[in-house]
Amino acid sequence: KKNGYAVDSSGKAPECLLSNYCNNECTKVHYADKGYCCLLSCYCFGLSDDKKVLDISDTRKKYCDYTIIN
């Protein structure tokens, strides 16, 4: 399993202002374990390895992996 910004068929990650919205997007649409809003896009945790994710810098990935809101 992996973490990242899950993308839709058009290659875009859902934009967000609320983490609650992202948790629903990530768990119900992308079947991840959980999700939250990181830097204005939905960041998902526990995505299956075959899911497409946005190509982002290591710095941004580390920031979002580290900034988990429980």
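Count begins at 1; order follows the chain as displayed.
Using N, Cα and C of the backbone, Cβ positions are placed for all residues, glycine too.
Its Cβ placed at the centre, CYS37 (disulfide bond) has 21 other Cβ atoms within 10 Å. DSSP assigns CYS37 (disulfide bond) to a strand in the three-state reduction. Taken from Swiss-Prot, the feature disulfide bond covers CYS16-CYS37 (among others), and the record attributes it to sequence analysis.
What Swiss-Prot lists as disulfide bond is CYS22-CYS42 (among others). Classification of CYS42 (disulfide bond) by DSSP places it within a strand. The Cβ of CYS42 (disulfide bond) lies under 8 Å from the Cβ of TYR5, ALA6, ALA13, PRO14, GLU15, CYS16, TYR21, CYS22, GLU25, CYS26, GLY35, TYR36, each on the same chain and at least six residues away in sequence.
Spatially close to CYS44 (disulfide bond) yet at least six residues away along the chain are ASN3, GLY4, TYR5, ALA6, CYS22, GLU25, CYS26, HIS30, ALA32, LYS34, GLY35, VAL53, judged by Cβ distances under 8 angstroms. Feature annotation from Swiss-Prot assigns disulfide bond to CYS26-CYS44 (among others).
Long-range Cβ proximity for CYS38 (disulfide bond), meaning a same-chain Cβ under 8 A and a gap of 6 or more residues, is found for TYR63, CYS64, THR67. Among the features that Swiss-Prot reports, disulfide bond is placed at CYS38-CYS64 (among others).
For 2-65, the entry in Swiss-Prot reads domain 'LCN-type CS-alpha/beta'.
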- prompt: How would DSSP class CYS16 (disulfide bond) in three states?
  reply: coil
- prompt: For the disulfide-bonded residues listed here, CYS16, CYS22, CYS26, which shows the highest count of neighbouring CB atoms within 10 A?
  reply: CYS22
Field: Mean per-residue pLDDT computed across the domain 'LCN-type CS-alpha/beta' (2-65)
entry: 94
Query: Just how many other Cβ atoms lie inside 10 Å of the Cβ on CYS64 (disulfide bond)?
result: 21
